[in-house]
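Colleague: Right, I'll just put the structure down here and ask away after.
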Amino acid sequence: MFLLFCGCVVTKEEGDETLALGATSKNCEGHDKVSAPVEFPRDGCVATKEEGVEGFPRDRCLWESSRREIRGFSFCCAAPCRSSSLSHPVAVARRQLIYRSPFLTLARQNGVSVLIPCVVVVARRLYSPPDSGKSRTINSNRMISATQQKIADELDVRARKYLRGDGANLETLRDKKLKGQLVNREKLYGQSAKAAAKAEKWLLPSDEGYLEPEGLEKTWMIKQESIVREVDISSFRKPFDMILPDLGPYKLEYTPSGRYMVMGGRKGHLAMIDMLNMNLIKEFQVRETVRDVVFLQNEQFFAVAQKKYPYIYNWRGTEIHCLKEHGAALKLQFLDKHFLLASVNKSAQLHYQDVSTGVIVANYRTGLGRTDVMQVNPYNAVIGLGHSAGKVTMWKPTSAKPLVTMLCHFGPVTDIAFHKGGHLMATTGMDHKIKLWDIRKFGLLHSYTAHAQMLDFSQKGMLALGNKSHVHIWRDSGNQDYKQYMSHEMVKGYQLAKVCFRPYEDVLGIGHSMGLSSIIVPGAGEPNFDSWVANPYETKKQRREKEVHALIDKLQPETIMLEPTKIGTLKPRRTKANPTKKEIQEEMESAIDAAKNITFKKKTKGRNKPSKRTKKKEEGVFKAKRPFLEQKTEERPFKRQKKEEVELPKALQRFSRKKAQ
């Protein structure tokens with residue numbers, strides 16, 4: 001029996017246990033025996049008609065049904081079919097196979113190459129044919145089970161990183177209703193993790209790139225000119241140099257999707273660029289010092305730290321708000337899950353403002369002097385500040401004191417950066433040290449002797465270091481030990497202002513005193529984007545819906561903490577509860593009885609008198625009762641002593657308070 005389906009011919013021979021339409025099978029190559037096809041013009045589907053095999057109309061089409069049975073076989077679809085784009089003569093003519101993948105087949109017909117999309121259909125035997133050998137069937141089943149087990153093990157490994165921490169311990173929970181709800185929730189968490197693992201394995205089309213040296217060649221010796229000559233046309237446009245010598249140095253920031261970039265020159269030049277099409281959206285001059293720029297919830301709004309106050313502009317360059325409460329801000333950060341704009345000003349004051357309501361959530365003095373080093377941890381939304389005394393402090397809006405204070409350097413901290421996972425922090429200081437810290441235990445992992453003025457982590461964990469006119473990229477070589485991966489030299493005399501990786505692209509943006517530059521860093525960006533999180537190609541309608549959903553799902557400032565996995569978990573049961581009065585009384589009586597039953601050693605004459613033994617027993621009883629008596633006095637409420645009334649002179653009596661009658 002052979003089937004003709006969507007331009008692919010697949011034969012069935014005795015003993016075969018699995019078939020893949022469009023997969024690499026020797027039965028598909030060069031097969032010229034084709035029966036008369038049955039054509040259905042409603043859907044363009046083609047199927048062979050033989051003994052017991054019927055064509056499927058549209059409402060019972062193979063790829064639209066999750067499971068159909070044909071002569072002892074069950075068919076399950078794994079991909080959509082677009083058979084309407086096929087020509088039926090191509091499907092029934094003999095083809096010379098050139099290339100085949102699970103979703104596409106490239107064949108040659110009459111000297112013309114034809115690209116045929118196909119459906120991946122897996123057929124599984126429901127019963128063994130009477131004339132097939134039993135041993136061959138058993139061996140095939142074993143091979144299938146081994147393959148399935150291998151795939152299941154791989155999916156389990158992939159699903160671990162999508163789990164929401166360890167499951168809650170429900171054994172000690174007495175409430176049956178709550179226990180059932182939590183069991184169902186844990187089950188849903190497991191199912192979502194497995195679905196995400198399957199999507200990662202089968203649907204993510206791309207892998208991250210990298211530089212592979214040959215022989216004694218080193219990756220950090222490869223120049224940008226060599227890389228640009230080897231990349232594709234779309235990547236060829238990404239590296240550029242924008243020379244703006246009069247208004248620098250420049251700071252830059254990308255949107256979470258990596259499509260838009262806002263740049264701000266120190267002398268008041270602001271511009272917004274569509275990096276996908278390389279189009280200038282808006283450019284204007286504020287005629288004031290610009291210290292920092294940052295995007296808000298999307299590309300429609302961005303905040304600028306200017307000379308006196310931070311300002312908020314829209315994409316047309318129109319001023320929307322002037323945030324006078326923040327003062328002369330030196331650094332800005334935006335917490336996208338909480339809609340909070342954080343700033344630190346010249347007076348070392350840390351401000352949090354909700355941009356959706358305009359309310360100042362918190363305002364704290366750091367107490368460690370002026371600083372312009374601030375970065376947000378993407379894992380838990382905790383703000384990290386670097387200070388001139390070599391300390392790094394971590395803040396949240398509901399605490400007037402820092403959550404953590406770490407002595408990281410023996411000199412001023414020049415910059416800090418957080419890894420995407422949130423558990424790794426990189427710091428650099430004026431003591432010419434670059435250090436990597438494990439935030440989970442606040443311990444030092446590695447220390448390197450090097451100098452850098454700015455740091456930034458990429459989505460895949462690469463670390464960019466900028467110093468004067470030199471840019472270095474480090475890569476994890478294993479066990480979070482970073483080694484040099486690439487280096488780039490700017491034109492002599494250029495002073496770097498900021499380095500920033502572009503999301504979902506192998507690109508590093510560099511702001512310097514003479515304008516803006518962009519270089520290619522293979523393997524820096526995440527190759528597959530999630531359209532629900534960040535979509536570079538989102539439409540106007542999708543952007544509006546996403547903004548509404550983000551406002552509905554906005555997290556409160558109280559959810560910011562060092563360990564966000566504790567949110568939604570059960571409060572641990574207290575190991576020791578407060579004892580009752582009866583238990584205290586029984587414990588005291590048992591202690592007194594133990595003190596009375598103490599036997600003393602017999603001593604020499606004169607030292608073993610009954611009076612002395614009685615006195616020692618009384619002292620032992622008093623020592624046993626003393627902790628219980630002290631506990632009682634601590635529990636008693638403090639009673640205010642009544643002040644003695646002093647009679648005032650007649651001249652002052654009119655100023656005293658009259659007693660309420």
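Placed from the backbone N, Cα and C atoms, the Cβ positions cover glycine too.
Take a look at what TrEMBL says about it:
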type: REPEAT; residues: 406-447; note: repeat 'WD'
type: DOMAIN; residues: 484-564; note: domain 'BING4 C-terminal'
type: REGION; residues: 601-661; note: region 'Disordered'
type: COMPBIAS; residues: 601-615; note: compositional bias 'Basic residues'
type: COMPBIAS; residues: 616-648; note: compositional bias 'Basic and acidic residues'
Colleague: Could you put numbers on the helix, strand and coil content of the compositional bias 'Basic residues' (601-615), residue by residue per DSSP?
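Modeller: Secondary-structure composition of the compositional bias 'Basic residues' (601-615): 6 helix, 0 strand, 9 coil.
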Colleague: Check the domain 'BING4 C-terminal' (484-564) for me and report the mean pLDDT.
Modeller: 92
Colleague: Please list, for the domain 'BING4 C-terminal' (484-564), how many residues fall into helix, strand and coil according to DSSP.
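Modeller: Going through the domain 'BING4 C-terminal' (484-564) residue by residue, I get 17 helix, 24 strand, 40 coil.
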Colleague: May I have the DSSP-based helix, strand and coil counts for the residues of the repeat 'WD' (406-447)?
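Modeller: Going by DSSP assignments, the repeat 'WD' (406-447) contains 0 helix, 25 strand, 17 coil.
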